[in-house]
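Trainee: One structure coming up, written as structure tokens, with questions to follow.
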Amino acid sequence: MAVLLTRNRFPLRAKGGGFHRRQSGGVYTWCNVTGRTKRGGRILRTCLAALVGAGATCGSLLYLLDRSVEAMVPVPRLPNHPWESQGYLKSLDHSAVRRGWQVYTTVCYSCHSLRYVRFMDLINVSHTEDEVKDIAAEFEVQDGPDDEGNYYMRPGKTTDKIPSAFPNDEAAKAANLGMYPPDLTYIIEGKRNGKNYIFAFLTGWMDPPAGITLTELQHFNVYFPGNVTGMQQVLFDGILEYDDGTPATVSQMVKDLVEFLTWTSSQEFDERKSMFIRAMGICLILLVSNAYYYRYAWSSLRSRQIAYVPKRKY
Ligand code: HEC
């Protein structure tokens, strides 16, 4: 807003450091070269400090709450493994996904289903199209009804979902003496701290400590909630031979399984990462150009004072 000033106030105003003064006729213009008034800077700093303070307080409260809830669950702390695919710019290790599929079909398939995955989902993720066709044909899938109204079995096609080893959940339960082996498709997302939990669970069997007696159907797993589980240890060193010659130790197999189950629980994993990288790239370009535009196109106007000083006759 234009301010009317008397001539003898000019020297005072112009004294403030950092101001450029220009005159054109009766109009005087001051321009702050730093682009920011001191008062504005102070307000901005105070707001920022208040925000950081509030954020830190809320963050530490939430962290402490989380820790105290964790302390109430009778499960030992899970070892934290450096999963490579967790990095913002990292994709899944596709050869590990392929090995994980091998472990799943060889060891886990007999009890656990993977009912939300179709054979064709594996194409270009862990196997080629021809390989997936061969794999699908090895499974028997129920189809029908035919012309006479009967259901029949036929070799699988790539569009089929992976058939479960049991016809239904009750049969799976009955075969495992009343304990239901859960579907593994979304197990990584379904469990808290999924990757580390599955790794710890599948490597956590041990002899029960003194004083604890178990029946033949019960097995002691140090990372399972309550420690007694109906699933026995199924992975042992060298239980299978990997196609690519990787040594099949227990930890290697479990790591590959975790990579595979990470893929089944979020099949869009790699696409999501690449979308993130692209989105961040676009945001960065927008941010830089916006900052440039804001500072250079508007700063002179933001920090300008205009005054009209009428000529006086002395
Ligand atoms: C002989 C059958 C059998 C095989 C083979 C088997 N499991 Fe299980 N699994 C079970 C049963 C039964 C349960 C349920 C245990 C319970 O609730 O106490 C279970 C539970 C689980 C759980 C859930 C644990 C939890 O915290 O609830 C996971 C994860 C799991 N199995 C993974 C695997 C993987 C991976 C493989 C292959 C390496 C595998 N299982 C092989 C029978 C089996």
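Cβ atoms here come from the backbone N, Cα and C positions, even for glycine.
Automated prediction, rather than curation, is the source of TrEMBL annotations.
These came from TrEMBL, pasted as-is:
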BINDING   C108, C111, H112, M231  heme c binding site
TRANSMEM  43-65  transmembrane segment
TRANSMEM  275-294  transmembrane segment
Trainee: Which whole number of Å gives the largest C-alpha distance between any two of C108, C111, H112, M231, the residues noted as binding heme c?
Mentor: 11
Trainee: Given the heme c site residues C108, C111, H112, M231, which other residues of that chain have a Cβ within 8 Å of the mean position of their Cβ atoms, reported in sequence order?
Mentor: V107, Y109, S110, P181, L184, V234
Trainee: Indicate whether M231 (heme c binding site) is helix, strand or coil by DSSP.
Mentor: coil
Trainee: Below 8 angstroms Cβ to Cβ, which residues of this chain, lying six or more residues outside the transmembrane segment (275-294), approach it?
Mentor: 88-89
Trainee: Other than its own, how many Cβ atoms are within 10 Å of the Cβ belonging to H112 (heme c binding site)?
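Mentor: A 10 Å sphere around the Cβ of H112 (heme c binding site) contains 21 other Cβ atoms.
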Trainee: On a count of neighbouring CB atoms within 10 A, which of the binding-site residues C108, M231 is highest?
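Mentor: Neighbour-count leader: C108.
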Trainee: According to DSSP, collapsed to three classes, what secondary structure does C111 (heme c binding site) have?
Mentor: coil
